[in-house]
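Colleague: Pasting in a structure now, in structure tokens, and then I'll have a few things to ask.
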Amino acid sequence: MTTKLTRSLIYWALLSPLMVVILFPFGVMFVTAVRPREELFVYPPTWGFSEFRWENFSEMWVKTNFGGALLNSLYVSVAATVVALVLSIPAAYAMSRYRFAGKGAYRTFLLMTQMMSPIVLVLGLFRLMMSLGLVNDLNSLVLTYAAFNMAFTIWMLQSYFNSIPRDLEEAAWMDGASHLTSLVRIFLPLAVPAMVVTAIFTFINSWNEFVLALTMMRSSEDFTLPVQIYAQVAGRYQVEWHHVMAATVLATVPVAIMFSWLQRYLIRGMALGAVK
Amino acid sequence: MSSVTIRGVKKKYGAMAVLHGIDLEIRDREFVVLVGPSGCGKSTLLRMIAGLESISSGDILIGDRVVNDVPAKARDIAMVFQNYALYPHMSVYENMSFSLRLKRMAKEMIDRKVREAAEILNLSTYLERSPRQLSGGQRQRVAMGRALVRDAQVFLFDEPLSNLDAKLRVVMRTEIKALHQRLQTTSVYVTHDQIEAMTMADRIVVMNAGKIEQIGTPLELYDTPANLFVADFIGSPSMNFLRGTLEPGAVVLADGSRVPVETTGRGAAGQKVVFGIRPEHLSLSSDGTGLAAEVEVVEPTGANIQVYARVAGMPLCAVFTERHDFRPGQTIHLAWPGRNAHLFDAASGQRL
């Protein structure tokens, strides 16, 4: 028992530098968000503060139109995730279950698109959305986010689909199920962990995306959260750092909580392929 | 229940031929085992009967209906898979009732059938469990239960016992055989284990490299194997083969020793032949005559003694049920009843 305790202590000691590096920005973010405005630039900097100012959040909410931006972000991220999944599942299924010419090339193509930075494509995408009349329309972000994430989601779903034994579908066919029935009642329920994992990734990618949102969205009522927060900093004579940090806390924390809650699916997903 | 007819069936994957024309008639209520080494095409043939593989040429008939283009779901066949293929997200009850629910059968009817099958298979207390909470043998029985509830025309088994440990395999073997005796459903069973084939089958189909080597009852295959492959494959330990030249009344081995054998009507003098004798048919000759063999390894199994020896440089195995105290290096003299000797042509491998 004591050896186990000592061992745990040693492991935590070894892990702690990494934890400090990871948690430091969050710490700064949090203490800045909750201290009074007058204590923002004290020298030397301290972690402490005289008063816990929760009002910073409510002030910020009103002043920065946080609610509107939150709704925009939610709409864009959820819609992009749904579009990406709905289109990726059939593609991944076909790649996993059928043999066709050019399958390997297609996989490589998907991987290659991941090596290109979206920034390279920003101008082209802007002109495309321009001709489609979608600039300043949140749906332009839905489309581009879904498209950018699909290479990854197809890749990820296909790997997982490969691990679902083909026998299960064949058994369903033998039991009298059509291809569609076996897909809906046998295959997809088993693929839920993979779909959840890819959905999380797509959602977070879309939630955090900045460059495309900055390019496509012209008017401030269409801003997503990252752009809205950026707008509190860029080109301002005076930056309200406590509001910026409060907004950042509100933009990151829900996602972090969701991710840590859903990550059990990730682990379960990895283990399910081992069913004999 | 129904017969299955296979006529000139071939299977090709691109340029590679896997089955080179299979002809087989499986009678109604029969239990037929397809046996052969891995890669011989036995599973492919089974999957073609099931409708999971397309047929390159030839016909497969269930009853008198050609099913070449009938999809698997419409063939009314039940199949037990090697890895059981139980739906992991459904309970045992749901697994067994899946096919009936697809048919939109009445709830009470489904319930009755599932409970009946569960009763037969000793699964009644496990119906609410999920497959992962079951042992290997229980999963195996659920897989069979899924087939059982359907009253299908034909049962297919694809190496259903190979994931079980040795002891359980023997138990399940008997259970499947008893089940067939009770239900009398036409069954096709694939295995690579010749003991499984021998113990369960009404008839065995021995396959090798995409062809049928021999079809017959277990004892026919054991007593009169059609060629060297079948002779070698059926029986454990496998048959001893001694290469030599045929002369009237004997096979002459490389070192000049003569193995007496009935030769009338079996090949011509001077022909290269293979003499075959099963280990369990060898006995010690009482008078010191007979085939001289030098003992190399002795393996007692309790029930019998397996002796590995050498005759004219060729390996030979003998099984004795009596207890003998053999030593490595010792020379023993072996005899056998003449009717148990087999003779094959060395070039073609066919029985003489």
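Heads up, the Cβ atoms here are built off N, Cα and C, so glycines get one too.
Sharing the features that TrEMBL gives for it:
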{"type": "DOMAIN", "residues": "A:70-262", "note": "domain 'ABC transmembrane type-1'"}
{"type": "TRANSMEM", "residues": "A:9-34", "note": "transmembrane segment"}
{"type": "TRANSMEM", "residues": "A:74-96", "note": "transmembrane segment"}
{"type": "TRANSMEM", "residues": "A:108-130", "note": "transmembrane segment"}
{"type": "TRANSMEM", "residues": "A:142-161", "note": "transmembrane segment"}
{"type": "TRANSMEM", "residues": "A:182-204", "note": "transmembrane segment"}
{"type": "TRANSMEM", "residues": "A:241-262", "note": "transmembrane segment"}
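Where in this structure would I find these features, and how exposed are they?
Modeller: If one looks beyond the transmembrane segment (A:74-96) by at least 6 residues along the same chain, the residues whose Cβ comes under 8 Å of a Cβ in the stretch are 103, 106-107, 138-139, 141-143, 145-146, 149-150, 153-154, 157-158, 161-162, 183, 187-188, 191, 195, 198-199, 202-203, 206-207, 213, 224.
Only residues 6 or more beyond the boundaries of the transmembrane segment (A:182-204), in the same chain, are considered here, and those with a CB under 8 A from a CB of the stretch are 77-78, 80-81, 84-85, 88-89, 93, 145-146, 149, 152-153, 156-157, 160-161, 164, 168-169, 172-173, 255, 258-259, 262, 265-266, 268-269, 272.
Proximity of distant same-chain residues to the transmembrane segment (A:241-262), defined by a Cβ-Cβ separation under 8 Å and at least 6 residues beyond the stretch ends, is recorded for 26, 28-30, 32-37, 40, 53, 56-57, 59-60, 63-64, 66, 70, 73, 196-197, 200, 203-204, 207, 225-226, 228-229, 232-233.
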